[in-house]
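Colleague: Please see the structure below; I have some questions.
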Amino acid sequence: RCVEVFYIYFRAGRVEEPYVSITKKRQMPKDGYSEEIEKEVGQAEGKLCTHRSAFSRASVIQAFLGSAPQLTLQLYICVLQQEITAARSIFMVLSLLSIVYGALRCNILAIKIKYDDYDVSVKPAAYLCIFMWRSFEIATRVTVLVLFSSVLQIWTLPVVLVNFFGFFFYPWILFWQSKSPFPENIEKALSRVGTTIVLCLLTFLYAGINMFCWSAVQVKLNDPDLINKSQNWYRLTVYYMLRFIENAFLLLMWYIYKTDIYLYVCAPLLVLQLLIGYCMAVLFMLVFYQFCHPCKKLFSSSISEGLLSCFKFLCFICKPPKTTILTDKAEVKSPENTDEARSSSKTIDSQKGNPHQSVSSNA
């Protein structure tokens with residue numbers, strides 16, 4: 001692909017192309033109106049766009065199926081050996097940058113897939129927010145996994161398998177619940193077995209991404225494009241809440257069972273730094289969706305409104321029903337009522353006893 005890209009690029013414009021294709025894109029709405037723009041795309045430009053999208057997808061695959069396990073393994077070795085060599089630190093930095101770049105490309109791909117009808121232009125502020133968001137999220141996630149696996153090696157595999165298979169089977173569970181027919185339009189040359197293999201590889205990549213960070217591209221097997229194009233704030237909120245709880249639990253286990261290799265490490269400060277780092281990732285994510293998203297004008301609701309509705313829904317679930325509150329109040333008030341009833345019965349008996357005494361005295 002690289003050789004063909006350079007060949008097409010240096011030959012572009014020298015030979016007149018026999019035909020061109022016309023694409024229609026809509027501008028971002030301004031004052032409630034959006035214009036449609038027609039653009040001529042030649043064969044060379046179309047091939048370059050195809051190669052560019054292929055490079056973007058390859059960078060995502062390489063980042064989460066290559067660099068992410070490599071970074072985790074290298075950091076694990078550094079922790080056990082209690083030293084970081086210059087070569088190993090360079091490779092770890094390059095691996096981290098590769099993962100962050102793959103996550104950034106995943107965000108851009110998700111935006112272009114969801115809003116394919118619009119002419120999307122991503123500003124430098126959006127790139128900066130995505131870079132900071134993904135850097136904090138991936139760095140803290142890898143560090144938490146390494147710390148936990150360094151003290152509880154036996155439980156590392158169950159934690160990894162639960163996370164991986166949970167995200168791997170999640171799109172399939174939604175597909176089976178929808179009772180949709182098996183997708184047949186992925187590739188005409190593929191058989192049913194080949195289509196199943198392609199879908200399994202897609203969900204495999206999806207699970208690998210969600211192991212380390214939030215996948216901006218949500219797989220939907222009952223959709224013709226295999227991508228969920230709706231913006232679901234509830235799923236995003238639930239993911240980050242559960243991931244924060246999981247990271248806090250893994251850090252707690254590390255703090256309880258830490259060995260002598262962490263003798264010169266301030267454990268409470270490290271735990272606090274990692275939790276704050278993950279909160280910083282969430283903060284940059286909120287800033288991106290609220291202010292820097294290139295298609296924020298097309299949102300049906302903003303991220304702040306979506307999170308507010310999510311928190312209201314969670315508070316409604318956690319809030320006990322009124323019947324239990326009334327019964328609890330009744331139980332609390334029942335001893336006082338019995339005491340009052342006893343005192344009132346005593347006064348009545350005393351009042352009833354006074355006439356008897358007067359009658360006996362008169363007798």
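Each residue, glycine too, has its Cβ placed from N, Cα and C.
What TrEMBL says about a protein is an automatic prediction, not a curated fact.
Quick paste of what TrEMBL says about this protein:
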type	residues	note
TRANSMEM	86-104	transmembrane segment
TRANSMEM	154-175	transmembrane segment
TRANSMEM	196-217	transmembrane segment
TRANSMEM	237-257	transmembrane segment
TRANSMEM	269-291	transmembrane segment
COMPBIAS	329-343	compositional bias 'Basic and acidic residues'
REGION	329-363	region 'Disordered'
COMPBIAS	344-363	compositional bias 'Polar residues'
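Can you walk me through where each of these features ends up in the structure?
Modeller: For the transmembrane segment (154-175), the residues of the chain that approach it from at least six positions outside its boundaries are 145, 148, 203-204, 206-208, 210-211, 219-222, 250, 253, judged by C-beta separation under 8 angstroms.
Sequence-distant contacts of the transmembrane segment (237-257) (same chain, six or more residues past either end, CB-CB distance under 8 Å): 140-141, 144-145, 147-148, 150-152, 155, 159, 210, 214, 267-268, 271, 274-275, 278-279, 282, 285, 306-307, 310.
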